[in-house]
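**Student:** One structure coming up, written as structure tokens, with questions to follow.
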Amino acid sequence: MREEAVERLRGVVRDCVSKHLYSSAIFFADKVVAATGDPADIYMQAQALFLGRQYRRALHLLNSSQIVLRDLRFRYLAAKCLEELKEWHQCLAMLGDAKVDEHGDVLSQNDGTAMYLDKDTEDHEINITSAICFLRGKAYEALENRAQARQWYKAAVKADALCYEALECLVDNYMLTCEEESSLLSSLQFGKDDRWLSSFYSCLVKKHVKEHVVEAKFRDLERETSGVASSNSSFSQTLKNNTDLLARRAEYYYQSGEYQKCFELTSMVLERDPFHLKCTLVHLVASMELGRSNDLYLMACNLVKDHPQKGLSWFAVGCYYFCIKKYDQSRRYFCKATTIDGSFPPAWVGIGNAYAAQGEGDQAMAAFRSGARLFPGCHLPPLYIGMEYMQTHNYKLAEQFFLQAKKICPSDPLVYNELGVVAYHMKEYQKAIQWFEMTLDCVSSSLSEMWEPTLVNLAHALRKLKMFQKAISCYEKALAVSTQNFSAFAGLAYTYHLQDNFDAAITYYHKALWLDPNDQFCTEMLTLALEDDCRGVDLRK
């Protein structure tokens, strides 16, 4: 066969692959290999077989070639075939012996090869070493060796910052603590044209920090992408309205307790891209917090119809049942989600919360412990375990788990709030005040109703230490956030009562009883205040 005819057939193979005509690509690639025996053509045929899902045949072809142990491309494709065949030990053996430290630095690598034959487009592709490290991570994760998987994912993204999949696995599967995420990002090497990517990655992991920090990250990203757009005509628009970025912003709103803003943003994103699954997850949990059961029902039906093989779909069904307080059914579907995808953190948390909602503390803690073991970078399982211990008045153990959650994620205000509640129950009021003040320091500049109980708790602690004016100020701030708050009215009334300001106390006791006419404490204290007002008694003596 003449060289011109062979080159034409190579073009046909490439065109068949681009048109997804894999059987045709396999047929013509086989003829090219028969004519030339060239390693590049053998690789092209193996790739066509891989894309055509003929993994055993592709593996046999690669192993039969004399170059498989000397060319990284051949070895990597052979390992990818073994990955598809779920032969994980053989996959690791094919990739060669290597060791990596806890920081993701490869210490030694004995892959028996120093060749990489396709150098034409190396500057425009992801480093083959990074891809190999990522595949090692996937193999170790499939073998449930999550410690090794975490280290190889870190090695992959360190070898090439463009290997987004590795960072995605680390972040979405909660393999790193907040501190480890920040440390990893600071160690990545970006090209001069990839500074926007550094800002984008920062937005992926900065979900619990203060509002001005997060907004600064988004502004940096917009500025970087604007700079790229102005200097590079191929980058014709910025990422300001990119759906991935908007989904991350929505996730930040959710973590901040701004559920309505989160829901509105995810609704806008899903209108543009109805199948954006990461945004769908945020939309589901925001809908559940807002009690939007109809939206959850429609989302669950569509997801089960379109993606029955994904854990997210059955998690959506569980969210719907949880929202309408059918906890047995919700737990069943959360369990189904974990069966389909054991590395789906929200489903494990959902199982624990469903048990907790039914008062089954032991089963709830078992689910949360499984989540803590599987996702060491997720602070929610130890946080919820601590809450369960709070229910049984085991405050010392609760505090230990809250401190563990704080170590994993030191910027989540909910952790500090729970530490404050524990300290209050243990009558350590000064420590409680410190934790509650740290909670309010961590939240965004505009307090939402989610943080109104923190203000009330802080006021209670201040009242216990007889810091009445500061307590009154906190109660009034709580009422500014939520005007229908029984605890704030009752606490304010009692504080005025302790100051012998009986007129104000009586007024606020009446407001509290208007919200809850059957409250025994307020009824008794109102009667006492009326009597004391008549007698002029000083309660502080």
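For all residues, glycine too, the Cβ spot is worked out from N, Cα and C.
These came from TrEMBL, pasted as-is:
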REPEAT    345-378  repeat 'TPR'
REPEAT    452-485  repeat 'TPR'
REPEAT    486-519  repeat 'TPR'
**Student:** Who are the chain neighbours of the repeat 'TPR' (452-485) in space, where the CB to CB distance is under 8 Å and they lie at least 6 residues beyond its ends?
**Tutor:** 413, 417, 420-421, 424, 429-430, 432-433, 436-437, 439-440, 491-492, 494-496, 498-499, 515
**Student:** Please average pLDDT over the repeat 'TPR' (345-378) for the predicted structure.
**Tutor:** 93
**Student:** With DSSP, how much of the repeat 'TPR' (452-485) is helix, how much strand and how much coil, in residues?
**Tutor:** 27 helix, 0 strand, 7 coil
